[in-house]
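Have a look at the structure below before the remarks.
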Amino acid sequence: MAILPFYKKVDIFTKQSEEAKKFSKELKTWLESKNIQSNIFENLSDLEKEENLKGTDLLVVVGGDGSLLITARRVAKFQIPIIGVNLGRLGFLTEINEDDAFEELETILSKPLCISKRMMLRVNLLREGNKILEADVLNDVVVNKAILARIVDVSVYVGDRYITTYNGDGIIVSTPNGSTAYALSAGGPIVYPMMEVFVLVPICPHTLTDRPIILPTLEPITIKMVSKEKDAWLTLDGQEGTQIFYGDEIVVKQSPYYAHIVRTPHKNYFDILREKLNWK
Ligand SMILES: NC(=O)c1ccc[n+]([C@@H]2O[C@H](COP(=O)([O-])OP(=O)(O)OC[C@H]3O[C@@H](n4cnc5c(N)ncnc54)[C@H](O)[C@@H]3O)[C@@H](O)[C@H]2O)c1
Ligand SMILES: Nc1ncnc2c1ncn2[C@@H]1O[C@H](COP(=O)(O)OP(=O)(O)OP(=O)(O)O)[C@@H](O)[C@H]1O
């Protein structure tokens, strides 16, 4: 299978483990042998510089799902297509296995890229009317209590319409992409990743009739901290955490950016669900 001549630059972002770095070097050598220019990025700050990714046709993430999430958050604004080679554990999002990596990449680069555009969330944390934080995430925005806290109360609104006040361990706002992560563990539905909806999932709600809700992205979701509990946290993609306080408001909208995840021709979404979730 011949690699198409218009692929000129395929960069690599590697997890900082010896195994991933070694694999990344082998991948760079292989790409260069095919006349494709390649840089290895090890530091997150490298992904923030647009000049590093100038002309990049594809960014290969060598690591686990966490590395892919980190990369997606940083490069979404540059609309760079990304694909993961799994050197982590589950590898739900990093769908190429290490053993098949060269063969799979050769197949992918012998055709125009098949890209699955995944919606992202834009989250704003407001404190006394001031914006404390703004970020774009691919999986989820989570408000939860810390380990020793008993319960957290959050009131949730769609636009300016009040839904309810959840009392429990917290609340997740997930994208369809993130629906198979924390939201699934908390009893949420699997949502086909190309859909554009918000998935609102309470975590261990005290009111047993509080069930997950799927909402359109037309209006923002606002989560207000109404308990005086001090041990509550806002977590983005399970990776960036900020302590939150009574009166704080978390506003979640659809981000203007999408993650451009490249699909392998050999697996569809249901193959991944069966393989990774141990279905028959
Ligand atoms: N109880 C839980 O299930 C739980 C608790 C905290 C966070 N998380 C999830 O972990 C995510 C961050 O992942 P990480 O890899 O940086 O941390 P991690 O290594 O702690 O990941 C937790 C697990 O979730 C998997 N995962 C991540 N995104 C996924 C997705 N979209 N679909 C299916 N599985 C996915 C990872 O492979 C890993 O096995 C968060 O976005 C959150 O959804 C899950
Ligand atoms: N180059 C990097 N620089 C800084 N931090 C990184 C880098 N690559 C990965 N990380 C961090 O290391 C964490 C672990 O990596 P990753 O999730 O990819 O591996 P894993 O936990 O083995 O796999 P999985 O998430 O599939 O279980 C990531 O969540 C991310 O926070």
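Every residue, even glycine, has its Cβ placed from backbone N, Cα and C.
Residues Asp65, Gly66, Asn139, Asp140, Asp169, Thr180, Ala181, Tyr182, Ala183, Leu184, Ser185, Gln239 are given by TrEMBL as NAD(+) binders; from Arg127, Arg150, that same site also lists Arg150. Looking only at the binding-site residues Asn139, Thr180, Gln239, the densest Cβ neighbourhood within 10 Å occurs at Asn139.
Close to ligand 1, meaning a Cβ under 6 Å from one of its atoms, are these of the binding-site residues Asp65, Arg150, Leu184, Gln239: Asp65, Gln239. Counting Cβ atoms from all protein chains shown, Leu184 (NAD(+) binding site) has 18 others lying within 10 Å of its own Cβ. Sequence-distant neighbours of Tyr182 (NAD(+) binding site) (same chain, 6+ apart, CB under 8 A from its CB) are Asn139, Asp140, Val142, Ile172, Ser174, Gly238. Largest Cα to Cα distance within the recorded NAD(+) binders Asp65, Gly66, Asn139, Asp140, Arg150, Asp169, Thr180, Ala181, Tyr182, Ala183, Leu184, Ser185, Gln239: about 30 Å as a whole number. Among the binding-site residues Asp65, Asn139, Thr180, Tyr182, Leu184, Gln239, residues whose Cβ is positioned under 6 Å from ligand 2 are identified as Asp65, Gln239.
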